[in-house]
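K.L.:
Pulled these features from TrEMBL for this protein:
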DOMAIN    20-221  domain 'Cytochrome b561'
TRANSMEM  12-39  transmembrane segment
TRANSMEM  59-80  transmembrane segment
TRANSMEM  92-113  transmembrane segment
TRANSMEM  133-152  transmembrane segment
TRANSMEM  164-188  transmembrane segment
TRANSMEM  200-222  transmembrane segment
Amino acid sequence: MARSKNGGRYRMSATPAIVMAEIFAVTAITLMLVSVLHFEGGFSLKAENKRVRLFNAHFLFMLFGPIISTGQAIMAFKIVPGTRKARKIVHMLLNLLGIFLGALGLIAIFRLYKESQWAPNVHSLHSWTGLGVIGLYVIQFFLGFTFFLFPGAKKNMRTDMKPWHAFLGLTIFMLAIFTSGTGLIQRFRFLQLMKGREALLLNFTGIAIVLFGISVVLSVILS
């Protein structure tokens, strides 16, 4: 906060936080693409005899979905020009995109298990938090649509729901950031990385994702 000339208070601008969030988003996407395309031969949902491509697809879809799309949806009310209704629609579409890409990420990892003839690993912390993110994401989307875009919703219900919708949205987003960290650990194990250029690349990818998450949350605090 800062003081105006008449002694009042005004909010700090969220613009620097939004700019930093976009920079870290581009950085994370670029580093992950280099890892997937340069070091590991690409990605695919139909990767016969190339299981690593399914693994790569899982990471890409989860990065673009529950992390990047959700972060952009949270910031949509600050970065999208136009009326508040238009911003709500963009917010909804970005969240819908996040759910869709997250579903593709789940399809990729379960196909990997199927082709590898492994039993699905649902015992790790990454699996628990990842499934939790997707489940909460879907619930949050339908609650948001019902209360804020459905024509029959009452105004007082929207007012009561708004702070809880914002709180749950940020909680899901932060849980997705945490899950990405545990997912990168899984990637290290799957690719048997100990050190080297790709290992450093993944470390910097993780740092960029965390800084993106911090910047998004800061943009909300300052808005």
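Each position is counted from 1, following the chain as shown.
Backbone N, Cα and C define each Cβ position, glycine as well.
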K.L.:
Using a Cβ-Cβ cut-off of under 8 Å, list the residues of the same chain that are 6+ residues beyond the ends of the transmembrane segment (164-188) and lie near it.
P.N.:
55, 59, 62-63, 66-67, 70-71, 74, 124-126, 129-130, 132-133, 136-137, 140, 143-144, 147-148, 199, 202, 205-206, 209-210, 212-213, 216-217, 220
K.L.:
Same chain only, please: residues at least 6 beyond the ends of the transmembrane segment (59-80) with a C-beta under 8 Å from a C-beta of the stretch. Say none if there are none.
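P.N.:
For the transmembrane segment (59-80), the nonlocal Cβ contacts are 14, 18, 21, 25, 28-29, 32-33, 36, 43, 86-87, 90-92, 94-95, 97-102, 104-105, 108, 130, 133-134, 137, 169-170, 172-173, 176-177, 179-180, 183, 187, 209, 212-213, 216, 219-220, 223.
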K.L.:
Do any residues of this chain, six or more beyond the ends of the transmembrane segment (133-152), have a C-beta under 8 angstroms from a C-beta of it, and if so which?
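P.N.:
Cβ under 8 Å, 6 or more out: 66, 70, 88-89, 92, 95-96, 98-99, 102-103, 106, 158, 161-162, 165, 168-169, 171-172, 175-176, 179.
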K.L.:
I'm checking region-level scores; what's the whole-number mean pLDDT for the domain 'Cytochrome b561' (20-221)?
P.N.:
87
